[in-house]
Amino acid sequence: MDHFQLKDGVLHAENVALPAIAEQVGTPVYVYSRATLERHARVFREGLKDAGKIHLAFAVKSNPNLAVLKILANQGYGADVVSGGELERALAAGMKAEDIVFSGVGKSSAELMLGLDKGIGQFNLESEEEGQMLAEIAAARGEQAPATLRVNPDVDAGTHAKISTGKAENKFGVAIDVAPDIFARLSKLDGLNLRGVAVHIGSQLQKLDPLEKCYTRMGQLVSDLRAAGHTITHVDLGGGLGVPYKPEESPPSPADYGAMIARVTQGWDVTLMFEPGRVIAGNSGVMMTQVIRIKPGVNSDFVIVDAAMNDLMRPAIYDAWHHFEAVRPTGETMTASIVGPICESSDIFAKERDVDRVQTDDFGIFRTAGAYGATMANTYNSRPLVPEVLVDGNKFAVVAERIEPATIMAAEHVPDWLK
Ligand code: LLP
């Protein structure tokens, strides 16, 4: 459920008519709903009510906007971060250091140091080598870094290949069959408090079966590690729950997910940690755009909009579907390809799709753009960096400004020897 609905024939975000935002901020623009973010945060937590002791760490990569992070901090969420930059953001948004988990396959020594400086709650180690590096840095400071070992369970998540992370050939974690040996060696190091294991097999999962298979393997690993004399107090189950991008899709609900977790992890006696991103932020945001003009095509018309692949990259890189709707729908439809102004054929949001009929200057939205939307935007073709707006009831605020090419050019320099 989200708060982007028609009222008197006009799409609103909560109680704000979307054209009011377009008038004031311009387009393209991301619009987030505070009520939807809060609702999703609550529903995810409630889904896990029978899962025992839990720790929720919002996957910052899905939407790192400070205002969004602040909302989640207020909901009692910590953060799953994958870079020093994300770590700084989570802290700046008011998340407590001890609620922050540092994931990521290539943490540098500077980033490990930063995590220790800030006193974060946990490092999820992606390799034995990273564990050794962290142990060395922590021991030199007379500290013990809290850590888990990320395991690659060799499970096919059944999602897009580019967002699958738990197959043996993927770069993430250590293979499950060698995990006990690596765990044993790392647990002897003075600088580490190796207290558990972590896993994450992919994103936008449409079924619970791969997750159940993965978690069952993790349960066996926890038993094996305990049998070998290790103390296991934390298991990080990652993120990955999918969201509906098309109206007819119905991925598992947080309640279904939570029921499976409660069943599979019964008796583990650990703190279960979660790193949800998309399921919280996805349907909490839309990207609004304006039609520049309509151009006839061979198979169908092209609706050329002022948003492009640089603003929302998912269709171009994952062939992702984002539902398009007119902000003032007339009830009529058209078959059209919705494209941006960028000089690439991959700059296409919808191919020969039946959509609400729109005309030049009309506004439209792409739904389910709150996760992996603005965060992946860039300035290709020297376009501005897309702004973000947060709606709360009948008010709204710009929470990320449009960054104009002039600002970006100001950070570029032509060396004297070219002048
Ligand atoms: N934890 C780890 C270690 C991750 O790698 C990810 C996502 C998450 C948690 C959050 O997963 P979620 O709950 O959001 O599925 N850019 C892609 C998605 C990349 C996901 C990367 N890792 C997209 O637009 O679909």
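The backbone N, Cα and C atoms fix where each Cβ goes, glycine too.
For G240, E275, P276, G277, R278, Y372, the entry in TrEMBL reads pyridoxal 5'-phosphate binding site. When secondary structure is read from DSSP and collapsed to three states, G277 (pyridoxal 5'-phosphate binding site) falls in the coil class.
According to TrEMBL, the substrate binding site annotation covers R278, R314, Y318, E344, Y372. For R314 (substrate binding site), the same-chain residues 6+ apart in sequence whose C-beta sits under 8 angstroms from its C-beta are A320, H322, Y372, G373, M376.
Over the domain 'Orn/DAP/Arg decarboxylase 2 C-terminal' (30-370) the predicted model carries a mean pLDDT of 97. The annotation domain 'Orn/DAP/Arg decarboxylase 2 C-terminal' is assigned in TrEMBL to 30-370.
What TrEMBL records for 35-281 is domain 'Orn/DAP/Arg decarboxylase 2 N-terminal'.
According to DSSP, K61 (N6-(pyridoxal phosphate)lysine) sits within a helical segment. Under the heading N6-(pyridoxal phosphate)lysine, TrEMBL lists K61.
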Candidates K61, R278: member of the recorded positions with the richest Cβ shell (10 Å): R278
K61 (N6-(pyridoxal phosphate)lysine) and R278 (pyridoxal 5'-phosphate binding site), distance between Cα atoms, whole Å: 10
Using Cα positions only, nearest of the recorded positions to G277 (pyridoxal 5'-phosphate binding site) (K61, Y318, E344): K61
Integer Cα-Cα distance in angstrom, Y318 (substrate binding site) to P276 (pyridoxal 5'-phosphate binding site): 20
